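Trainee: Below are the structure tokens for one structure; questions will follow.
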Ligand code: HEM
């Protein structure tokens, strides 16, 4: 017998999983270069296999705009068969499943990404039909009594089309409504069977398909990506023994300790009910009213006011399971575990002013970034690490491991890397996959179990419950993206939207009539709950250690660099400035005093208030003190991907040295960056020594905030023209203000002078992110530029004067 998550309870039994999903077309087909407006690019073979022309085609065609074209042939184009497109992943996986002789799988049949492809449909070159499969002769004109007469009731084709349209929307998620997702796989580094019998960790190199959804929490489905908010990091593992969902966030703690408070928390942060303002923002009275009355949220608030809440990309943030879970091995021994994801691209964030401006410039900033990276074959990778400790060890910690407002410091329990996740395929259909996916903390597999964390316990109920209404009934586990790759057999029947056609007369157990679904599980084969002894009174309350609300908030604060501390102060100042009720601001300040007096003073200063006395503590026990934990700083993880996928604006105008601009562009591309030729209008700019260059995007359509860095190539006349252009000046100033690397060649320095960009840092030393180059010195300058770009930002520009 299996659960609806396909947990068979029989090792390996019933598994149809032999290989792992890979991309069908991660690299954009070069045929798209037909549309390339920039015909005059270099042609030089790259070591990595993708030639420069392909890369430039890809970039010129703007990744966000070719997605559909890459899959579906456009008029006059022939789609490149998926198998012809070699990507790093297909090379590794080599998982293409058998195709029919024509190369076209039948409708509804899996083509290249077994096993999750089993229901992908490709309608290219197929005759249009009704939902009953009847061929349609005319899809443009309704059936009328005469050309100018009334439409006939019998027009079932019209009515079916409109009726379906009328019902195309489903309720959005009550939280985490806005998200983006990707397919990929998880690969285990080692055999963890001593700790857990979870099948996905049973052998080194074992691969398990995953679907991952990243999200913001508070905003509605159409809200902006770069709001200050927690990010969801939900992973569905399609394991051999059913689905395991690790439904985490990018912050390792949470606002509250008990599920009982979750509806209050969400009501407080969502738009206020009388006027539905503000969208996707915690900067309003009701949120801070709740928070200031909920001191257990203090630790989480430190994280959400930090740059963790404005990541540069879903690819540059960590993920955490948050709760303490259990691992259980084959003989029933159990240890506690915390799960951590760390991106190979490092942890990088935006600065607040930039995040605000991106909301206008590109509300899909994170969605686009994830999509484009995967389409370009720059597959995001995250390492999974665990912290493992025994129940006895947990008893000796100065905090309670069942309290979701506490971390287990890495200094106390080191991280153990156990595998990596690679996201290598974008969804085919946003609604069918990203919108309909249903994650749930209750979806666990043999070898993994819950703890008594009272927040986790409430979540186990909440997800399935909400999905029954969001996805229209109890059968949403049959929706392809939710269906396990294992077979599902049980005696559950019927209900709205039932897809499975169960055979036989027996749908109960025990039975003597045969057929149906015999129960084959049993102790240590099927899922068995860890038999934790429990003899306690029924109570409403919380353990004593839960009442320490400040010591880990202080640990977080003390582990931050000066730059990060300034940003946290800025976050509190911004949010509390938006709060209208002075008493709420004062209560928050009184909580901050308990974290750190200098922090409270700096925030109070920004609010024009005095520092109030500290809020009384909820405990009389002495608070533990922790040594700073360097790994809590974002800067602890610079990443291993260099300048890959970093976006660089190359500013041009008439008079730009076209050859120099091309050389810079090609050099950036060769190192994996994403350069763009940016000018004041589309069309060609004339080079100072002849030749022309196509502008790819304008200063208005591609403003400063969507780039990680900028370069002004050589060219006296171009530098003068840019210096007269208000958009170009604004561009440079924002690049500087947002701490981005800036390189100028020769006369390009005029632009910096006109924009009043200082060459030195506030402490008087040269700014390493302002790189000037002579025309004959460009390669060396580019090397220096790339080095600063790989380090992401020059935050030293900001630290004068430090606020604490
Ligand atoms: C008692 C506390 C909580 C409750 C009752 C709760 C409830 C919910 C609900 C109802 C949804 C929408 C699900 C859907 O419609 O499919 C959701 C989504 C989500 N929750 Fe929670 N949540 C809680 C705490 C947390 C915590 C602590 C985390 C992180 C560890 C978290 C992470 C997520 C994520 C990532 C999603 C989005 C899943 C997706 O991408 O579809 N939640 N939560």
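Note that the numbers count up from 1, one per residue, in the order the chain is shown.
Glycine is no exception: its Cβ is also placed from the backbone N, Cα and C atoms.
Keep in mind that this is a model prediction, so the values were computed, not measured.
For reference, TrEMBL lists these features for the protein:
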REGION    1-83  region 'Disordered'
COMPBIAS  16-38  compositional bias 'Polar residues'
DOMAIN    129-517  domain 'Catalase core'
BINDING   173, 213, 262, 459, 463, 470  heme binding site
ACT_SITE  176  active site
ACT_SITE  249  active site
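I would like each feature placed in context: is it buried or exposed, what are its neighbours, and how far apart are things?
Mentor: Over all protein chains present, the Cβ of residue 173 (heme binding site) has 22 other Cβ atoms lying within 10 Å.
Under the DSSP three-state reduction, residue 176 (active site) is assigned to coil, being neither helix nor strand.
Within 10 Å of the C-beta of residue 249 (active site) we count 24 further C-beta atoms, all protein chains included.
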Trainee: Among 176, 470, the recorded positions in question, whose Cβ has the most other Cβ atoms within 10 Å in this structure?
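Mentor: Buried the deepest by this measure is 176.
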Trainee: What's the most sparsely packed of the binding-site residues 213, 459, counting other C-beta atoms within 10 A?
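Mentor: Taking 213, 459 as the binding-site residues, the minimal 10 Å Cβ count falls on 459.
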Trainee: As a test of reading the model: what is the averaged pLDDT for the domain 'Catalase core' (129-517)?
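Mentor: Averaged over the domain 'Catalase core' (129-517), per-residue pLDDT gives 97.
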Trainee: Which entry in the list of binding-site residues, 262, 463, has its Cβ near the fewest other Cβ atoms, using 10 Å as the limit?
Mentor: 262
Trainee: If I take the alpha carbons of residue 176 (active site) and residue 459 (heme binding site), what is the distance between them in whole Å?
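Mentor: Between the alpha carbons of residue 176 (active site) and residue 459 (heme binding site) there are 14 Å.
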Trainee: Do you know offhand how many angstrom separate residue 173 (heme binding site) and residue 249 (active site) by C-alpha?
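Mentor: Distance between the two Cα atoms comes out at 16 Å.
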Trainee: How many angstrom lie between the most widely spaced Cα atoms of the heme binders 173, 213, 262, 459, 463, 470?
Mentor: 21
